[in-house]
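Okay, structure first, notes after.
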């Protein structure tokens, strides 16, 4: 009973009419299958004419296909191999051909790959001695260990975000230490002179205001006309070319209305 439970299921198929069990066991031994005595191969001949194998899905642990023609196994047969094999099971396609085999190897590798098998390997089987036929090469591939429709969680990539170092041991620069004594001193505001705080020039004026007022008196202008010049015609500040004959600002340089009239130091002095 225990030996039957441990017995592994192997399917051997061929496009030939006959396939001896001894040949199947010899090939499986050379392919590296362990405990060969526990194998009880199921043999199907003339498999190229079968549309579907009479086996349940995922019921076979290994498939051995022995082909004597270039068309076997077809894409449809390779799809059947994938259906009946358990996840992680292997398929081995052995060719009985002579002559150039490179193109046929590529064709079989493509077929098993399109059927969903992984890691196809090319095997040299010329060393296997059989009484009924001689092998030239083989292709071995593996069915994925996961089932179609199964899902698994993908690990999300870890994103390295910028990290701010808040180590209190780091020495910080005191902003006040960057200032000199001169920077810390309060600026001294200029002291207003006597003329700036009064409407008229002081008695001992040295800032030049007394001279300006004196020139204004000579022109017959009042202090208000000097400090805040106005014009009813709007042309008094443009210069003598635009002033009328009775303009009080006649003889003065151009100025802006509403701003203090500034007289030069040599104003009203005779030219030499």
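Cβ coordinates come from backbone N, Cα and C, glycine included.
Computed from a predicted structure; not experimentally measured.
What Swiss-Prot says about this one:
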- 195, 202, 205, 207: [2Fe-2S] cluster binding site (BINDING)
- 233, 236, 244, 247: [4Fe-4S] cluster binding site (BINDING)
- 1-156: region 'N-terminal SAM-like domain' (REGION)
- 157-185: region 'Linker' (REGION)
- 195-207: region 'Fe-S binding site A' (REGION)
- 233-247: region 'Fe-S binding site B' (REGION)
- 233-236: motif 'Cx2C motif 1' (MOTIF)
- 244-247: motif 'Cx2C motif 2' (MOTIF)
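Annotated features, which come from Swiss-Prot, shown on the structure.
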residue	record	Cβ neighbours (10 Å)
202	[2Fe-2S] cluster binding site	15
205	[2Fe-2S] cluster binding site	17
207	[2Fe-2S] cluster binding site	13
233	[4Fe-4S] cluster binding site	10
236	[4Fe-4S] cluster binding site	22
244	[4Fe-4S] cluster binding site	9
247	[4Fe-4S] cluster binding site	15
**Fill in**
If one takes Cβ-Cβ under 8 Å and requires six or more residues beyond its ends, the residues near the motif 'Cx2C motif 2' (244-247) are 233, 235-236
**Message:** Other than 233, 236, 244, 247 themselves, what residues in this chain have Cβ atoms within 8 Å of the centroid of the [4Fe-4S] cluster site's Cβ atoms?
**Reply:** 231, 232, 235, 242, 243, 246, 249, 250
**Item:** Shortest C-alpha distance to residue 236 ([4Fe-4S] cluster binding site) - which of the binding-site residues 202, 205, 207
**Value:** 207
**Message:** Through the lens of DSSP with three states only, how would you label residue 236 ([4Fe-4S] cluster binding site)?
**Reply:** helix
**Prompt:** Could you give the mean pLDDT over the region 'Fe-S binding site A' (195-207), rounded to a whole number?
**Reply:** 65
**Message:** DSSP-wise, what's the residue breakdown of the motif 'Cx2C motif 2' (244-247) into helix, strand and coil?
**Reply:** 0 helix, 0 strand, 4 coil
**Item:** Cα proximity to residue 205 ([2Fe-2S] cluster binding site), best match among binding-site residues 233, 244, 247
**Value:** 247
**Request:** Between the Cα atoms of residue 207 ([2Fe-2S] cluster binding site) and residue 247 ([4Fe-4S] cluster binding site), find the distance and write it as a whole number of Å.
**Result:** 29
**Asked** About how far apart, in whole Å, are the alpha carbons (Cα) of residue 244 ([4Fe-4S] cluster binding site) and residue 202 ([2Fe-2S] cluster binding site)?
**Response** 34
